[in-house]
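Marked as transmembrane segment by TrEMBL: 6-25, 45-66, 86-108, 166-184, 196-216, 245-265, 277-295.
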Amino acid sequence: MMLADVLYSGSTGAVFGMALTASRVHLPSVIINQFELTDSRMMQVFAVAMGSSAAAMFALERLGVINRPVRPHSSLGRFSSYDGNFIGGALVGVGMALTGACPGTVLIQLAQGFSSAKNTAIGALLGAGTYVRFKHVLKKESPNQDKTASPSPRTISDVSKIPETVLYLLLAGGVAGFLFLTSAKGHHAVSPVAGGLLLGAAQGASLLLTAAPLGVSTVYEQLSQYILTALGNERVGKPKLPPKSIIFALGMVAGSIALTNNTLLGQFPGLELQTPFWQALAGGYVMGFGARLAGGFM
């Protein structure tokens, strides 16, 4: 079983790494231009990826292949059940704007030889390590919390009471409308729609092979756990073996390199945006901390 987990996690990571590389959303210029609202390529890719991933998850569940995994909300116990998601998501956005990367695309940037990616990855590792070390003081337990209360609804359908089929149709309409109202600049070998469908296919592969959705930011937490434990901090614990997120991340890097070496999709990092050292380090730190605070980020 352990060998199967390693193979499945590595294979899924390789497929995801290839999809990210082909879709071009790993490029710092694409990410920065999206935040400057001058190019909607990144959002178009991820809108299609979101729609196709949702469709894959819905279909596989209806066919009885999987039980849909629903990620729980991240609560700090401060002002909302979703305060960890809000704050963590905002921090990830700040980090992305500073670095031109996200927790997943920085691994592809490393594979493609972007010099600033090393600093961003180190910052993300330090940020995740800070979260691991101090998460016990970040979350506030309410003294009046009812331990026997039923868990809060976990899906939009649960909360809104709107049938899931209707919600999926609304999502499809929203994706189509977004593609119609926005435009992607530049000429790339893979269109935003095709790139999004590739990511959706990677999501389907992840669900079939591992019964879990895509997610890579946990790799920074797992690596930091090993480092902190080696430094004598046993309190943080170690990941369960095999460390699936680390294997997944290695698969992403390998998949990106393999695709670049065997196709015409190679990159020229020297022509791309290069983030200054301290900006990449600080942005990576904020991004890594925020991703773990939010409970995960692709």
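Glycine is no exception: its Cβ is also placed from the backbone N, Cα and C atoms.
Just going by CB pairs under 8 A, the stretch in 6-25, 45-66, 86-108, 245-265, 277-295 that sits most against the transmembrane segment (196-216) is 45-66. Among the stretches 45-66, 86-108, 245-265, 277-295, the one making the largest number of Cβ pairs under 8 Å with the transmembrane segment (166-184) is 45-66. Note on the transmembrane segment (245-265): residues 5-6, 9-18, 20-22, 26, 104, 107-108, 110-112, 189-190, 215-216, 218-219, 221-223, 239 of its chain, located 6 or more positions outside it, place their CB under 8 angstroms from a CB of the stretch. Same-chain residues lying 6+ beyond the ends of the transmembrane segment (45-66) with a Cβ under 8 Å from its Cβ atoms: 23-25, 164, 168, 171-172, 174-175, 178-179, 192-193, 195-197, 199-201, 203-204, 207-208, 211, 213-214.
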